[in-house]
Amino acid sequence: MNQQPQSAYEPLSEGSAILLTKKLGLFNETASLECREIGDGNLNYVFHITDSNSRKGIIIKQALPFAKVIGEAWPLTLKRAVIEANALKLFGKLCPEYVPEVYYADEELAITVMEDLSHLTITRTGFIEGESYPLLSRHIGEYMAKTLFHTSDFAIEHGRKKELAVQFSNPELCKITESFVFTDPFFDVESNDFEEELKAEVVLLWNDSELQLEAAKLKKSFITEQEALLHGDLHTGSIFACETETKVIDPEFAFYGPIGFDVGQFFANLLFQAITRKGKDRELMFKHVEVTWDVFTETFRTLWENEGMEAFCKTKGYLDYILQKILEDAFGFAGCELIRRTIGLSHVKDLDGIENTAERIAAKKAALQAGKILIKQRKNKTDISFIINTVKKPALTVNY
Ligand SMILES: Nc1ncnc2c1ncn2[C@@H]1O[C@H](COP(=O)(O)OP(=O)(O)O)[C@@H](O)[C@H]1O
Ligand SMILES: CSC[C@H]1O[C@H](OP(=O)(O)O)[C@H](O)[C@@H]1O
């Protein structure tokens, strides 16, 4: 690969993305390159470059100096592109089967050039269309156990962990999560976004002092606990899949935080599907939640027993204590994700896409109720059935 040094920052266009691709020598001389900007996320440009002769493609993701969804009024650090590229590289070393390959990254241009995953589908989109992704939970359980264990104090030497925590210090992106996941949805502030029909429920939520206290504790945990290098935004819009393959993209929110945050966000996004499905399709989502946790704990346990570096790894009861903490945290973080994606700034299509208003409102009320229960009742719940039974409650089941 013929890699050239790049110049100072400028936003790419479809034309300049092709020129850059040629400069990088990622295709052969005879390639006939086409480019389309396909970004559908909140923050960045994503250019899809294909060679119409070989049908091969690459992706160039570029951070803008502001949040794309809001515009220039919301400046945002370009450093997130470096965090994303480095996280992809590190997670790719730990489990290459679940992470796209990074071909090139340029800090000044804030770009990451990576493997084209267009043969797969974003799982949120696929789920909404009725897909089941039979191996998704097995793959994500393994992905989380490997990335989280191997970047934790249980697996790496003290100094290395501290260096990584500094390298992945990500204050601006963490602030987004602190505001939009852990703060704003619990208060009457302008950034919240919900239908008038939900107002009574939302006011109850804002006045629920027990909920506020538990949300405050979860926020504190997110801010202060440097347990492992998290993906930081592990929802079904950050996962590509098909029947047999799974790839996790978009770790620009990566930072050292509590392990249960990744686990809980993934659970919550499976639950949005459970809330919107019925019958055996709904059961399938509960099964995904259960398998995720089973595979996560099995894999984490094996890694702990075989590769644990921490002096107390062999101390009876310590691993069980750690897994119990991760589970309780995950329930609480899942609750926050359910609430923020329902009434906060950034929604999910699983709920917003329900066309029938009465059904959409009922689904959103169920998500809010489930979120509140998970946050308030998470303590001492030792089994994954707690999260499943919460959403299965008849009062939370929507009659579609
Ligand atoms: N490696 C890839 N291969 C194919 N498409 C991709 C790839 N990465 C991103 N995309 C497309 O771009 C969209 C936005 O990417 P994402 O990384 O989620 O951006 P953002 O950080 O702005 O949310 C994805 O939903 C997907 O459609
Ligand atoms: C305006 S940032 C809000 C929201 O966007 C990120 O999601 P996505 O991956 O869809 O771009 C992240 O979840 C932030 O909380």
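Placed from the backbone N, Cα and C atoms, the Cβ positions cover glycine too.
Here is what TrEMBL says about this protein:
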DOMAIN    35-269  domain 'Aminoglycoside phosphotransferase'
BINDING   Asn44, Lys61, Glu115, Asp116, Leu117, Asp250, Pro251, Glu252  ATP binding site
BINDING   Asp233, Arg340  substrate binding site
*Work out the three-state DSSP category of Arg340 (substrate binding site).*
helix
*Length of the line joining the Cα atoms of Pro251 (ATP binding site) and Asp233 (substrate binding site), in Å*: 7
*Near ligand 1, which of the binding-site residues Asn44, Asp116, Leu117, Asp233, Asp250 are found, taking a Cβ distance under 6 A to any of its atoms?*
Asn44, Asp116, Leu117, Asp250
*asked:* Near ligand 2, which of the binding-site residues show up if the criterion is a Cβ under 6 Å from one of its atoms? Options: Lys61, Asp116, Leu117, Pro251, Glu252.
replied: none
*asked:* Counting across all protein chains present, how many other Cβ atoms fall within 10 Å of the Cβ of Asp233 (substrate binding site)?
replied: 23
*Greatest inter-residue Cα distance in Å for the ATP-binding set Asn44, Lys61, Glu115, Asp116, Leu117, Asp250, Pro251, Glu252*: 18
_A 10 Å Cβ contact count, applied to the binding-site residues Lys61, Asp116, Asp250, Glu252, Arg340: which residue has the minimum?_
Asp116
*Could you tell me the mean pLDDT over the domain 'Aminoglycoside phosphotransferase' (35-269), as a whole number?*
97
*Would you kindly give the Cα-Cα distance separating Asp233 (substrate binding site) and Glu252 (ATP binding site), rounded to the nearest Å?*
8
